[in-house]
Amino acid sequence: MFALGLPFLVFLVASVESYLGVLGPKNVSQKDAEFERTYVDEVNSELVNIYTFNHTVTRNRTEGVRVSVNVLNKQKGAPLLFVVRQKEAVVSFQVPLILRGMFQRKYLYQKVERTLCQPPTKNESEIQFFYVDVSTLSPVNTTYQLRVSRMDDFVLRTGEQFSFNTTAAQPQYFKYEFPEGVDSVIVKVTSNKAFPCSVISIQDVLVSCLPFCCSLAGSRAAKEGGRPGSHPSASPAPLQCPVYDLDNNVAFIGMYQTMTKKAAITVQRKDFPSNSFYVVVVVKTEDQACGGSLPFYPFVEDEPVDQGHRQKTLSVLVSQAVTSEAYVSGMLFCLGIFLSFYLLTVLLACWENWRQKKKTLLVAIDRACPESASLLGHPRVLADSFPGSSPYEDYNYGSFENVSGSTDGLVDSTGTGDLSYGYQGRSFEPVGTRPRVDSMSSVEEDDYDTLTDIDSDKNVIRTKQYLYVADLARKDKRVLRKKYQIYFWNIATIAVFYALPVVQLVITYQTVVNVTGNQDICYYNFLCAHPLGNLSAFNNILSNLGYILLGLLFLLIILQREINHNRALLRNDLYALECGIPKHFGLFYAMGTALMMEGLLSACYHVCPNYTNFQFDTSFMYMIAGLCMLKLYQKRHPDINASAYSAYACLAIVIFFSVLGVVFGKGNTAFWIVFSIIHIIATLLLSTQLYYMGRWKLDSGIFRRILHVLYTDCIRQCSGPLYVDRMVLLVMGNVINWSLAAYGLIMRPNDFASYLLAIGICNLLLYFAFYIIMKLRSGERIKLIPLLCIVCTSVVWGFALFFFFQGLSTWQKTPAESREHNRDCILLDFFDDHDIWHFLSSIAMFGSFLVLLTLDDDLDTVQRDKIYVF
């Protein structure tokens, strides 16, 4: 390596000699100079001024030196060149200093200040010299001011705030040394004004040596009897001098982030072998990187702009970060919260089991009708028959003319003959002789629409004015079970194929952040971002554990319910066979899986949150919203609910538009027009599908049939809708969706993914409210457990949304502007507001799933031909 370095030295010496030969002889004025004194001198092309400074350097005390230069002549000619020669470093800069911005704009600075880093010493104290050379190629005299001063506050202390001024040509940097027992600190920099834009950088005091330098250091260590790199004998690692402290080079090394009013960087001792680092503060020449506007620039070619007024006052504070005990307590707290739900579920299961055993003894004595099961859906006691005497064959599948043999049980709510929903006075009939289509020959998809014509055609059944669940639960239950199990298997497959590339991508994001040091890539809450390993914000990832654990718990609850239901079917329990909402668990399994995947993908998003990967956090939110709506619809429409293939295809289209919105939606009017039109058309098609229960066709004659309906029902004879309840729901749904489409077209929000999610949530809440209202209007009741779930879930959702809208960061702004919203941790000094949102929202989603699971438990002893469809 030394052989390779020798030619380089020869070339360097030859270049210097050639340079001096071209310049010719000069008059050199060398003088001894003093600190804290201002020198006003002149220099020209024939004169070089050299100032000699000396100061005492001690091993245990670090002192900074500040060089200030101001050129008094405002000439456009040759600038002055200042060269500061130290023991192990050389710093050179010209005055006026010209820095470049965007589009190669030039900005001129007459006053320049630079900080010199102190070379290390092996002795207890040592007198070191450094020289300041001043030269120019200008033939006329140029007057300048030179002042060299000591920096008493060069070393930052833990917990002590320090204020200072800086400009683009007068950068500042300070040194911080880790105290004993401190492994991690947070460097916080604040300012009262947002602009000018600045950059905060953390740079190591020592740098990795080049191969040639390392070879020399290794040879020197070998001569001293040690091995290369050993601390006792080998020379210390090269000092990083000069420090990269200008706008055009501050990003070359270390960690850095732009700043307006607030910035924070967490620094770990393990990343700095010297146990110390520099805090560098630089003002940028332009504000566009921080969201500001470009300054006025004259249309004169190669004319620099004087920006001497861009000064900023900042304060820096280094405080100790959380200790390892905080990491342990945070993880234990997170696990404790969600494992308590497992414990509560086990206790409820034991209590339910004891209650069922007690009821079994009473039923065996009194032959009383058992109540419905609660959360875990334990089986009921087999009854020989239902109370009552009227045969089931006398029913016309829910027609009002033959319910219970008469209509005496119905209540006249208006006094004008209008029938109100209710189960008053109705009797239960033996249904053991009811013909079912549980054919053993086949359970293929071809059997889905194979209905016997004993009673009526499905076109007649599904278009009756008043429908009952029995009318829409006529298909083979094994066929439907397989149909709805596809939901689970499909979402499991989607999850695997979606998650793997997402994990790979976010790992790449994190690697880029760690390698480049650019902390503007990810939008963290830097005031509460606790690193662990290669992860920059471990707390934001850990708080997503609730989605995974509660999703798994929900799957276990569904599994227990399905086992109990299957046992009841094996015993030919007539309540399980003929009563209540038909039990299909495939969608519940899909919902639980989606909740777990939401936790995983949300954690992936928070590895490096930014605009481009926000869709990772929302994709399975779309899934959850869609599956919940499908489950609500499936409860009363099991035969005509959408298949897994069509449902996931529609959700795939939603995610596709989400990606398009992220890429093209920002301020793109054409995109918003197209999306709004598609949104309205999709709303109309879905409304038609729901209103006619699927008994319509989208073909070439659709427009002719629409015109015919408008003519007969609106022009020739104005008649009300046949299905009033459905019409009310669909009208409200269309009003909301058309309003959302108009809002998107007019406002064009930047966060398209959240806008799309808001559409799904609004439709889900509307349908859920409609379901609850119609359930109560039909004379049904809500049992204690689902009622408690509704109340508690609503309260938790309220608190969760409060923390969500705190807005600790936002990628709709620049990274520097986003950091203005950063706040300190509020829970255990480890979790911030968004982490609490993760905790509460996972609990609220779990509670919402339980509401869907237990909402219709009051119908478990009600015959299906007496349960209304709405």
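Note that Cβ sites are derived from N, Cα and C of the backbone, with glycine treated the same way.
Note that the coordinates shown come from a computational prediction; the quantities given were computed from them, not determined experimentally.
Taken from TrEMBL, the feature signal peptide covers 1-18. The annotation transmembrane segment is assigned in TrEMBL to 326-351, 487-507, 541-559, 587-608, 645-664, 670-692, 752-773, 785-805, 836-855.
Taking Cβ pairs closer than 8 Å, the transmembrane segment (785-805) reaches residues 374-375, 833-834, 836-837, 840-841, 843-844, 847-848, 850-851, 854-855, 857 in its own chain, all 6 or more past its ends. Sequence-distant contacts of the transmembrane segment (752-773), counting only residues of its own chain at least 6 positions beyond either end whose CB sits under 8 Å from a CB of the stretch, comprise 614-615, 618, 621-622, 625-626, 628-629, 632-633, 635, 654, 657-658, 661-662, 665-666, 679, 728-729, 732-733, 736-737, 740, 744, 782, 855, 870.
Comparison of 487-507, 541-559, 587-608, 670-692, 836-855 by number of C-beta pairs under 8 angstroms to the transmembrane segment (326-351) places 541-559 first.
For the transmembrane segment (541-559), the partner stretch with the highest count of Cβ pairs under 8 angstroms, out of 645-664, 670-692, 836-855, is 836-855.
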